[in-house]
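> Questions regarding the structure given below will be posed in turn.
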């Protein structure tokens, strides 16, 4: 037997282990998603109340994602930045929107509710103020005074191109407020003319052409507060004998203030 000792078995090097992929950072990803949602909705009224909550949660989750060891932190960093920025912007816009809405509500309230004891200039006149008698219409906004009326046959000056005779009313319009007012709209918005020529139905007369070239400009003139402008209006007649009933209202949808009959001869 040989005295030579057996050599130790040669150890073979082990195969290198593949590097393990680092685990994901769920907190960071959640923070990033919430940050994106916060940035997307912070500018929308009412929704920005929700984005305040998502921003707070996003910041908290992002911080948790940053302190966890051995996890990727890029998503957490981005989530904290987006969530924090969206949170700040949401709070700012909540304050701004609240101030704007409050100011608008106060402005509307001041415009629509007159001070106690002082009637609004745009408020409808009460029954004691609004009236139509003796050819004068008086409301809280204007005064219309009929100065004359006459029948104009077809082909005569003031009715050169008409197919029916017309009754023409000449009137003065006075603006009692600082609101926009012109003679033509003032008349059409308050008066209607009728001629009782139909035994079965109400016969409302149609407005005809302006009875005179001198009124072509004045009919649309803007009347200043306290100013008076003369104008004329014509209605097409169904005959030249039946009287015309002129009815006045403060507006065409309000109650009748009064009416007057105008004979044609």
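Heads up, the Cβ atoms here are built off N, Cα and C, so glycines get one too.
What TrEMBL says about a protein is an automatic prediction, not a curated fact.
What TrEMBL records for 1-14 is compositional bias 'Polar residues'. Annotated domain 'DUF5067' per TrEMBL: 120-249, in sequence order. Annotation source TrEMBL lists region 'Disordered' at 1-20. Marked as transmembrane segment by TrEMBL: 22-43, 49-68, 75-100.
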> For the domain 'DUF5067' (120-249), would you mind checking the mean pLDDT of the predicted model?
91
> Could you give me the DSSP helix, strand and coil counts for the domain 'DUF5067' (120-249)?
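The composition, in the requested order, is 12 helix, 49 strand, 69 coil.
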